[in-house]
Amino acid sequence: MPFPHLAPARVQRHAAAALGALTGCGAAQAQSLSAGWGAVQDGLANAVTTLLPGLALALALLALLHRWERRLVLLALAMLTWYLMVLNVGGAWIRPAHWLAYEIALMSAIGGAVALLGLRESGLQHPGIDVLLPAQALALPLVALMGLSGDAVRLAPWLVLAAELTAVAGWLLWMRRSPLGQGAAAWWHHARTVGLPALLLISVTLHTLQRVWHEVPSWPSLTALLMILQGVSLLLTYAGARHQLERQLVQLEHRMQERLAEAERFHQQQAEQRLDQVTERERKRIASDLHDDLGAKLLTIVHTSESERISTLAREALEEMRLSVRGLTGKPVFLMDAIGDWRAEVVMRLGQANVEADWLPLEDDVVHTLPARTYVQTTRILREAISNTIKHSEASRCVVRCTVGDGFFQIIIQDNGRGIPVADGRLDRGHGMASMKSRAKQMQGQCLVESGAGWGTVIRLTIPL
């Protein structure tokens, strides 16, 4: 026997006919309106039903490709079974005696799949339920096949199935009666995971109850439409989850790149620290050798030599050696202390050479410090400049001025000597000028020389602080 309850157009035709009679239309107009409305209803029902197998196939393939989306198989099963029932597949070869069992088997498969899907969407998953619902889908048709007499026995499978679907729908609506969160996104998630499965369960329940009480309304096309909406919702959920996963993978890759770069920087810093430690140990070893061996021998020469010239040279060599040791192992020096040392030495040396010394101090006290290496290099440049003034300039007066500004420290040494003759060519040729420039460059600074015959020489040393 066919499924007479799956023909909603008949009901609509009667409604259209009654509407035509009530509005005073003629019998022909009412019949035409009824036929037109029925055709529209049949067309929409056929269109909706035709979409079921294609969407079911897409959901099944997606579930097979991705294990974590196995719930899609449940909806695909419900769609295909509903499609078979609507098209009355099997009506030609199913025996009348077995028709009830066949119909119950289809509805049990649909009901069990929809119930499990609703529970999955709400977050409930229990091994007992996963076994119980498929078992009842097999047990209910077997009851019908037994051929037991009595209306109560024949109607029992329908009532059991309707009770199960009603219980699941009620549980969904009660346990998930409010959205988890605020805003449109939370309400949409609530409608997709609770509202839509509950509506589908109610629609299938009404269709099941119609087999017991024919007065119960049933809308097969609406059920098919709800299945399609549920399938589209699951596909959109899958697409959103995949997009979010891809975004998380991009973020993870970005964090991995940052971690790798951070690890590389850390290893580079460790290597530089180890290199600095090795360099520092080697400097201390060299300084210790110079101080203990060479320093002791030079000091012996200073105190035991009978030649004044040799004793003086040994004293100068000892002073240079001590300066080198300080550059290798010394601590940073306050700039004001360094200026005081330089002033004392310059004034003493110029005074011994009968050159008037005019040292112009800084206008304000500063709190900058100089690394030991910078202090040593600056001291040697200053000594070389004063030595050139004493030996070669024939000057009677030398002015030294110190300035600090814009992150730089500058020493200007100016004498009133004869200057560097033009015949000597470049100003940095001879007189230790090349050595002074080289030392300044090592400190990321510069040493400029200005000179001319008859108006003296100006040396400007600029180093960063």
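The backbone N, Cα and C atoms fix where each Cβ goes, glycine too.
Summarising the annotation, TrEMBL assigns signal peptide to 1-30.
According to TrEMBL, the transmembrane segment annotation covers 46-65 (among others).
According to TrEMBL, the transmembrane segment annotation covers 72-94 (among others).
The transmembrane segment annotation in TrEMBL covers 100-119 (among others).
The transmembrane segment annotation in TrEMBL covers 131-149 (among others).
Feature annotation from TrEMBL assigns transmembrane segment to 155-174 (among others).
Among the features that TrEMBL reports, transmembrane segment is placed at 194-213 (among others). Long-range contacts of the transmembrane segment (194-213) within its own chain (CB-CB distance under 8 A, at least 6 residues past either end) are made by residues 5, 103, 107, 110-111, 114-115, 117-118, 121-122, 155, 158-159, 161-162, 165-166, 168-169, 172-173, 176, 219-220, 222-223, 226-227, 229-230, 233.
According to TrEMBL, the transmembrane segment annotation covers 219-239 (among others).
Across the domain 'Histidine kinase' (380-465), DSSP assigns 27 helix, 31 strand, 28 coil. Look at TrEMBL and you will find 380-465 tagged as domain 'Histidine kinase'.
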If you average the pLDDT over the domain 'Histidine kinase' (380-465), what number do you get?
82
